[in-house]
Amino acid sequence: MSDDEREEKELDLTSPEVVTKYKSAAEIVNKALQLVLSECKPKAKIVDLCEKGDAFIKEQTGNMYKNVKKKIERGVAFPTCISVNNTVCHFSPLASDETVVEEGDILKIDMGCHIDGFIAVVGHTHVLHEGPVTGRAADVIAATNTAAEVALRLVRPGKKNSDVTEAIQKVAAAYDCKIVEGVLSHQMKQFVIDGNKVVLSVSNPDTRVDEAEFEENEVYSIDIVTSTGDGKPKLLDEKQTTIYKRAVDKSYNLKMKASRFIFSEISQKFPIMPFTARDLEEKRARLGLVECVNHELLQPYPVLHEKPGDLVAHIKFTVLLMPNGSDRVTSHALQELQPTKTTENEPEIKAWLALPTKTKKKGGGKKKKGKKGDKVEEASQAEPMEG
């Protein structure tokens with residue numbers, strides 16, 4: 001196969017090199033999450049935590065593929081966000097922001113890394129206190145974790161996206177929680193964080209997606225967000241939005257000099273992946289970004305909120321649909337949970353959890369170190385899954 005033909009062929013998991021790049025990106029983002037968690041202490045500034053996560057990813061990816069002839073793009077695939085309590089997502093404030101985390105806060109950490117455009121994302125929920133998590137906080141995290149475990153077992157060749165949407169809603173209901181509307185799980189491809197195959201969190205008349213079947217050698221970002229509230233989050237303040245992605249298919253002649261300046265900087269620095277306004281020349285950024293968003297040159301990732309007092313949990317993971325089964329490559333162990341609800345009397349949920357993630361190989365192929373594949377059904381709902 002000539003180089004040109006190879007370029008044209010879409011790179012997927014049939015290439016061992018591609019699998020390695022996904023797993024390397026996953027290893028880095030898992031470590032970045034661990035680092036940010038270790039820095040989450042009462043009174044820590046959220047912006048400092050976010051910057052530490054991004055800096056670690058940049059440093060670690062920068063050390064890879066240094067000596068190859070062809071330049072390999074690598075770095076942050078989604079800026080580190082830390083969304084607290086009833087804030088649902090995308091909180092990654094500017095350097096001037098003084099918001100801190102407090103004892104007892106429910107922290108949702110979300111981040112992504114890529115190597116050569118092969119993306120690994122992770123989302124995790126942590127309560128900032130010692131000892132087991134109890135009450136409704138434990139319920140909402142257990143609901144999210146159990147839904148993630150069920151999704152892992154249903155995102156497999158032959159199953160449909162609608163199967164996952166229905167199942168995760170049933171899991172959340174068992175814990176008297178709601179899956180949050182508007183959260184999408186996407187197929188990912190090289191340099192594409194939000195591919196065309198989509199899993200809805202909640203199916204309703206307002207949000208329709210094409211029915212799709214999962215196929216071998218695909219990669220998905222599975223994104224589960226659960227709330228003790230009504231699961232219909234609102235945008236409260238557009239000024240909180242700091243994460244954007246360039247819309248590569250749109251063009252417009254910007255009128256303002258500040259907009260042209262900032263869009264030129266974005267096109268050079270962040271042509272494809274989502275980025276944070278923190279990484280732009282901040283004084284001009286605010287002014288220029290508005291016109292870019294108004295004319296759809298940039299897709300904003302808004303900061304959404306449930307009602308005050310609602311608790312929101314988030315788990316996101318990357319899964320590779322390999323020929324021998326599903327390989328969850330990003331995760332982090334949860335704290336001990338003592339939920340008030342259980343799925344003990346939910347045979348359908350128990351049956352989903354009993355599904356294996358790996359297909360049994362004849363003659364037992366080489367096994368990698370401790371993936372908890374087929375044993376999750378023995379664990380309680382509160383048990384974390386380490387990937």
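Cβ coordinates are placed from backbone N, Cα and C, and glycine is handled just like the others.
Note that this is a predicted model, so its numbers are computed, not measured.
As given in Swiss-Prot:
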COMPBIAS  358-372  compositional bias 'Basic residues'
REGION    1-49  region 'Necessary for nucleolar localization'
REGION    47-55  region 'RNA-binding'
REGION    297-387  region 'Necessary for nucleolar localization'
REGION    337-387  region 'Disordered'
REGION    356-373  region 'Interaction with RNA'
MOTIF     360-369  motif 'Nuclear localization signal'
### Secondary structure composition of the region 'RNA-binding' (47-55) [DSSP: H/G/I, E/B, coil]
9 helix, 0 strand, 0 coil
### Segment confidence, the region 'Necessary for nucleolar localization' (1-49), expressed as mean pLDDT
88
